[in-house]
Amino acid sequence: MSNLFHRRKRDTDDVESNAGRRASRASRARSASIVPDPDLAEYPALDHYISNYREDRRRSVADGDENGKTKKKHWWSSSSNDQEQSTTKAGVSEAWLETDLSLGLSSEEVERRRKVTGWNELSSEKENMFAKFLGFFTGPILYVMEVAALLAVGLGDWVDFGVIVAILLLNAFVGFIQEKQAADIVASLKGDIAMRCHVVRDSVVQEILARELVPGDILIIEEGGTVAADARLICDFTRPEDFEIYKRLRAEDKLDRSDEEDDMAEDDGANGDAKHTDDSHAHTHGNEPLDYRSRPLAAVDQSSITGESLAVEKYLGDMVYYTTGCKRGKAFGLVQTNAKASFVGRTADLVQGAKDQGHFKAIMNNIGTTLLVLVMFWILIAWIGGFFHHISVTAHGSQNLLHYALVLLIVGVPVGLPVVTTTTLAVGAAYLAKQKAIVQKLTAIESLAGVDILCSDKTGTLTANKLSIRDPFVAEGEDVNWMMACAALASSHNLKTLDPIDKVTILTLKRYPEAREILKQGWVTESFTPFDPVSKRITAICRLGQDKYVCAKGAPKAILKLLGPGSEHLSELYREKAQDFARRGFRSLGVAYKKNDGDWILLGLLSMFDPPREDTAQTIIEAGHLGVPVKMLTGDAIAIAKETCKMLSLGTKVYNSDRLIHGGLAGSMQHDFVERADGFAEVFPEHKYTVVEMLQQRGHLTAMTGDGVNDAPSLKKADCGIAVEGSSEAAQAAADIVFLAPGLSTIVLAIKTARQIFARMKSYIQYRIALCLHLEIYLTLSMVILNETIRVDLIVFLALFADLATVAVAYDNAHWEPRPVEWQLPKIWIMSVILGILLAIGTWIIRGTMFLPNGGIVQNFGSVQEILFLEVALTENWLIFVTRGGKTWPSWQLVGAILGVDILATLFALFGWMSGIGETGAIHDNFKQSSNGWVDIVTVVIVWLYSFGVTVVIAIIYFILNKISWLDNLGRKDRRNKDTKLENILGHLQKLAIEHEVDEKTGKSKFTLAEKVADDDEDI
């Protein structure tokens, strides 16, 4: 056995040396800059640490799963991965968990296991690229164009059929490519921040991506890193011989099985408490007790799973969970399963419900359906007029009712609408990705644009999530520098394993250079007693020259007990200051010392607080200016919450979460209470969910930030769920948007960008509806009155040009509204109808002048079809400059696209491309038509000038309409909608429960309503 341990020790030394060789350059540089030379003495090393410490921006815990999304697939491959589907939820074969510590898994064995379990990631279902491309041919609007293509085939109009199919393919390709490019940008950004880990494979330590882990891997878990999979601790990194103890415990089934029972509470209780049975404390093998719980191997932050604020100590055989952070220690772990079957993965599955169609798609379907109804209406009018003109349904040529139906079908539906809106959203998502905001659902951008309340976490989002010492209290006659030096002396000087309190105490000396000079005077630490729950203080015995100093730091009451008689006045002042700090939410630490055999001298109090981020206050002000007030939801105590709100000017109406359930309020009063509150303290996940639900019931669009597994339900419930930097994978899976940058500053940029994207879509939709109505009104009246229409091929090109020109809307400059935005469909329809009528009037004027002597304004040269085609193309293309508004200049992409299409339309008119002489009605034209379909250059110039004049007139009318207040607010929802009667009914119903009773005489069951008892409320 001794030889086995020696051999394992040598193997592990080889492993560790390989690990050093494989460490990343960035990690070595960072370690070299912060960790001092081991040859330095204790206090010079401490001073070096203070001087060189920099904030280490660790990677986000949950970013590791994203790299898998960059995996290349063939377009014909299936959307589901057969390898991934074979992963069992119950675990893996026991034989897979017998890996040798010194050898690890071989590369061949890793590949074999990955074929069974798949990648170690919480990846969403992979999309089939071919099916995704076909999706761009579906929808009410596109179905109409496909019917038009079939109708063209029936009429034998193969040119028009080819052009319609080309339009459909063009729209599909543009939409597919734009969305894929945006997705690639997001995927590449996620891949750059993929989580990595160290494993033992092929007898050496290797650094790999976390997604490459398989069950049975030997994983190295170390301080500052993220646990890359559910794993069981098998031994300390420096004591590989303890692996034999683990094997004995496993063989005798003495290990904790909480991972298979899904019982986190039992596991945490076993780890955090000292209440173990004798078998848990020591297992006897032979005559030697194996006290494997004598010291922890690591301390793990499980706050994202359990909500615990303190790290949980983990012992030999204990489970550590995927995406938790290691705060202390270094150990080997045996990977038990992959991410999907992990505790976090199973939790994430619970919130992945049915796919929601979304508000945005409902709006698009509403618009598309309405346009279809209008098309059918105009076709009916045209056919009625055709019957009066005795036009046949299927006569040869273009003058038949089916031909009229084909024309109106083409002009009546905006085939490019789905593609332009999707492209606009995709381009916006790509821009947000570069700003460290990953959009996981494109329609979330539309939701974010309309958000009017933001519910935010405190720790790590509003605050920096690191302790800071603020305004220490110094006893009368004492020096603050000496107090800070004593506090540093009474701290651990093991710089690799500093706890947060000792770390902030030492680093605060940056602000006290004289205290640092005191520490350079030649101090020697003789003994150090760490904090324990009995004495509640830290004590260090230090020597300076011939003098001995005993320095203490700890709970205020514990430090007071050290003082002798005669210090009652100072003690009373000390207590008052400690109570004042407590009321303000500060954590207080007393500092005292004694020299040689003298009395203890009280130096003062250190007040510790998690300070707000530097940019948080300004971000909250900016959010307020955008019409998005912030409500703080925190698990911290009420005093801390109120102090944070005071610092951030969030308001003083902060309440304990108990008032949400046990506050005696019901119905509308409870909704009013939530609406007026500035924040809630001591909240649990169910409180967050309740707050979001009540705000939504009042008509608010609510955004919610979260980071833990337990935040997933409220993130899913919110209109826009936001997973903040450092969030768990379960929170990311439930969220619509994932922030990779700390704090709230990104959300202000995201809201502004979302509103710009919304403005682009809204202006385009208004423009596109007006175009449909323009040609429907003109052509239907032309068919009824003149018995003529514009040729189908020219109509198809008008539709094609409109789509080509406005795809660039996605790249247009846009302004952001200073208040939450809404679709206001009634206003959109009114404005679009007016614009469509104005465009139709403009086209009728130029057509009517052709009946005047000498052809009116077109001066007797050209073809009716080409002149109408050019006028329609120019006025419709330029209409986008009207609907987009004048607050920003149009982008060069939009101007270039429209100018290119205008030039192409002009060439069509000049040379009569793809057209002949149109068929006219019975009314005689005085206008001289050219025999070859060409239009004279002078006539083209006149049409350009006329079209410009029409656009100016339309712009003036559009500007006046937007100044009408009732029209500007038409369609806006009342965000403070109060249906108090319904709220009161639901509130009272929540207090009732159904009781089941059995009649003793008859034996019949009956159910009655009764008021819930208090215990039932507490269980909710």
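Backbone N, Cα and C atoms are what each Cβ position is placed from, and that goes for glycine too.
Feature list (source: TrEMBL):
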{"type": "COMPBIAS", "residues": "81-90", "note": "compositional bias 'Polar residues'"}
{"type": "COMPBIAS", "residues": "258-270", "note": "compositional bias 'Acidic residues'"}
{"type": "DOMAIN", "residues": "84-157", "note": "domain 'Cation-transporting P-type ATPase N-terminal'"}
{"type": "REGION", "residues": "1-39", "note": "region 'Disordered'"}
{"type": "REGION", "residues": "57-91", "note": "region 'Disordered'"}
{"type": "REGION", "residues": "256-293", "note": "region 'Disordered'"}
{"type": "TRANSMEM", "residues": "133-152", "note": "transmembrane segment"}
{"type": "TRANSMEM", "residues": "158-177", "note": "transmembrane segment"}
{"type": "TRANSMEM", "residues": "371-392", "note": "transmembrane segment"}
{"type": "TRANSMEM", "residues": "404-432", "note": "transmembrane segment"}
{"type": "TRANSMEM", "residues": "765-786", "note": "transmembrane segment"}
{"type": "TRANSMEM", "residues": "792-816", "note": "transmembrane segment"}
{"type": "TRANSMEM", "residues": "828-846", "note": "transmembrane segment"}
{"type": "TRANSMEM", "residues": "866-882", "note": "transmembrane segment"}
{"type": "TRANSMEM", "residues": "894-914", "note": "transmembrane segment"}
{"type": "TRANSMEM", "residues": "934-961", "note": "transmembrane segment"}
Which residue counts does DSSP give the domain 'Cation-transporting P-type ATPase N-terminal' (84-157) for helix, strand and coil?
41 helix, 1 strand, 32 coil
Tertiary contacts of the transmembrane segment (934-961), as residues 6+ beyond its ends and Cβ separation under 8 Å:
831, 834-835, 838-839, 842, 846, 857-859, 861-863, 866-867, 870-871, 874-875, 878-879, 881-883, 906, 909-912, 967
By a Cβ-Cβ criterion of under 8 Å, what residues six or more beyond either terminus of the transmembrane segment (765-786) are in contact with it?
367, 371, 374-375, 378, 381-382, 384-386, 388, 404, 407-408, 411-414, 416-417, 420-421, 795, 798, 802, 806, 828-829, 831-833, 835-837, 839-840, 843-844, 847, 872, 876, 879-880, 882-884, 920-921, 923
Can you tell me which parts of the same chain pack against the transmembrane segment (404-432), counting only residues 6+ beyond its ends and a CB-CB cutoff under 8 A?
136, 139, 141-142, 144-145, 147-148, 151-152, 155, 157, 160, 164, 167-168, 171-172, 174-175, 178-179, 181-183, 185-186, 364, 367-368, 371-372, 374-375, 378-379, 382-383, 386, 391, 438-439, 442-443, 445-446, 737, 750, 753-754, 756-757, 760-761, 764-765, 768-769, 771-772, 775-776, 779-780, 783, 789-790, 792, 795-796, 798-799, 802-803, 806-807, 809-811
Please give the sequence-distant neighbours of the transmembrane segment (371-392): residues at least 6 beyond its ends with Cβ less than 8 Å from one of its Cβ atoms.
140-141, 144, 399-401, 404-405, 408-409, 412-414, 769, 772-773, 776-777, 779-780, 783-785, 787
